[in-house]
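The feature domain 'KRAB' is assigned by Swiss-Prot to 23-94. The zinc finger annotation in Swiss-Prot covers 368-390, 396-418, 424-446, 452-474, 480-502, 508-530, 536-558, 564-586, 592-614, 648-670, 704-726, 732-754 (among others).
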Amino acid sequence: MPSQDSDFPQKEHEKMTEFQEAVTFKDVAVVFTEEELGLLDSAQRKLYQDVMVENFRNLVSVGHVPFKADMVSQLETEEKLWTMERETQRNGHSSEIHSAVTSGSKIPNEMETLGKVMFKYLSCEELSCWQIWKHTTNDLTLQRKSSWFLHGDSLQVSEDENHIMNHKGDHFGCLENQEFLIPTAQASCGSRCLSESENPSRGKQMSVKNHLHVCEGFTKNSPLSDPGKTDAKQTPCKGERPHPCRVCGEGFSHGAVLPVHQVDPGEKCSHLQTHQRIHPGGTVNKCPKSGDGFHQNSFHPHHSNPTGEKSYRCDSCGKAFGSSTGLIIHYRTHTGEKPYRCEACGKCFSQSSNFQCHQRVHTEEKPYKCEECGKGFGWSVNLRVHQRVHRGEKPYKCEECGKGFTQAAHYHIHQRVHTGEKPYKCDVCGKGFSHNSPLICHRRVHTGEKPYRCEACGKGFTRNTDLHIHFRVHTGEKPYTCKECGKGFSQASNLQVHQNVHTGEKRFKCETCGKGFSQSSKLQTHQRVHTGEKPYRCDVCGKDFSYSSNLKLHQVIHTGEKPYTCEACGKGFSWRSNLHAHQRVHSGEKPYKCEACDKSFSQAIDFRVHQRVHTGEKPYKCGVCGKGFSQSSGLQSHQRVHTGEKPYKCDVCGKGFRYSSQFIYHQRGHTGEKPYKCEECGKGFGRSLNLRHHQRVHTGEKPHKCEECGKAFSLPSNLRVHLSVHTREKLFKCEDCGKGFSQSSRLQAHQRVHTGEKPYKCNICGKDFSHRSRLTYHQKVHTGKNL
């Protein structure tokens, strides 16, 4: 057969799943005699039972059934393996059933029919199993229910599935196509092994010479070692070694052996290693504690994996395993194979143990109970992790910040806080997350899904934790208490925010204006002042708002709802805050006090506006003339000067006003209302400002002084009139005649000359006058006072 060594490195991984070495039950079995079992206590018996059950399940999971169908259930009910062996020995099948236990073969009528056949052979050189397959059976496919036999130097496959024969000069016959390999007769020596991936197909022949694993103890007795039985084309002259190793220089008589020479010894065929244990006196394993040598089939409790050797290595990732079963299960991570499917939800698993644990999700079985709190768990590992909560154990420490964790998974997720890694991305908006569960919750923002419903009010939530927190609204539970003042909170985050009141800490700073905030959310909201962002829009009128709370307050305008009513006067309010502020009118409470002037205010907003009097702050600027104002309402009123807008109209005379305050004062002129009374003389006034000015007549106060001549005035308007004496400025011009006046009031009086208006009438004789001073002079005629 032509050599294909050149193809070997490139295609090494292409058929690894096909070349997986066969797993014998002997590789993983733990066998005790009846006397040895009698030395075990109950805990050791339970451990032995668990190990054997898992071994059987693992073999079943990869398609190997080297036992009766009910053996797993027998093991689970603590029936003993040695009992089954002893009963079989009485029936005359001692050697065969021992092989079934240790090697994984079977006996007719005792074991179920298996799927494939493997044999052990003898050869003079060693090759790993999958290399034999590579060199001999590239195009061969194993057919089920075929029989094999050794014929000379060739391995032939018979079509007769019941055919079993022994050849002259050979110590081996053939069995029905099986998955596990045993000799069919007791030979003195010369066992040859061929793994699962080496089986040729029906009707084909393959040369087995130089392609089989050899037991060094039997090489001399091999019929293949006779040069007369070898092919001249393949066998070099005696002593000749034409194939040297490039690394160490050692020569080999066959080129096919060279690649195996370069393979790590731990990767040699497992069947050869297993076979070597049957030689008398052979002690493959040695206990480092006691020094005892033992075969795997004479395992003692303290001899479990004594050397810690992991001879089964994955060619894909290099990971090593102590048994071939573990390697087979591991290899499914590369192939993606998941043979165990849940009938309830369709989820698939690569291991039977994980599948069995998953089924408890549907059955809600929780067999593992915590002795401390009684909490149940579906998996024992979850119970062990939970018990760390009671012990306060946190074995996983972060080297960056020293924070401890009870679970390794939580520790790994936490490390992403320091690394900034966010491997989980949202497909819709691209937002990243450090672990999977927040991504699942985030996706519900896009889908609108709210799977968690409150049974009390029907409100939906995207996260289960939000539902638990919300439910405290109904129960009134406040588990988080401030140690400083004893105030309770339903959420831990609210407690953390509250504690900033005591510490005064404001960790979150605005990079634009430097203002500090105790919460990051408040900083984010504040930044909209600088960006002008208004993400919340009213569906009714289209108005935008920077805050969701402002939108909710605004929407009450459209509904007209006033759910908050004052118990003292019955007045209704749309917002609770307005009700609280109104109630201070009745109580007289003014909790906001100015430290500069000791003035008090009932509302916080009035207090903040007042403070600008002392600071001189005028944050609201007119875009037309640049004039500044301390309040936004002042800016809005001022802008009407430029637009000429007068939205407030008098129903009596039709006069318009820019400001609501001016309109209110004007209406009192028609009604005669004068609510502000002087306590000294009883005179009434329509405006509080006029009362304050009048009181200066009694006090003699003249706060407005002329800087030119030092003359003082009680009113600022009088000072402005006086200043025109020094400047001789006449700003107010008559459009009819061009005459100038220093005061607007004098211009208005002058314009009556042109209009003929006489608004002042005598109540006694009905005579009209254009000026108030002239009416006053006329009234003295009727009173008889000296003119």
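Cβ from N, Cα, C; glycine included.
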Residues of the parent chain within Cβ reach of the zinc finger (452-474), under 8 Å, 6 or more residues beyond its termini: 441, 444-445, 490-491
Positions on the same chain near the zinc finger (368-390), where near means CB under 8 A and six or more residues out: 357, 360-361, 406-407
Other parts of the chain folded back onto the zinc finger (564-586), taken as Cβ under 8 Å at six or more residues beyond its ends: 553, 556-557, 602-603
Secondary structure content of the zinc finger (536-558), with strand meaning DSSP E or B: 11 helix, 4 strand, 8 coil
Other parts of the chain folded back onto the zinc finger (396-418), taken as Cβ under 8 Å at six or more residues beyond its ends: 385, 388-389, 434-435
Tally of residues which DSSP labels helix, strand or coil - the zinc finger (592-614): 11 helix, 4 strand, 8 coil
Secondary structure content, the zinc finger (648-670) (per DSSP, counts of residues): 11 helix, 4 strand, 8 coil
Sequence-remote partners of the zinc finger (480-502) [C-beta within less than 8 Å, at least six residues beyond its ends]: 469, 472-473, 518-519
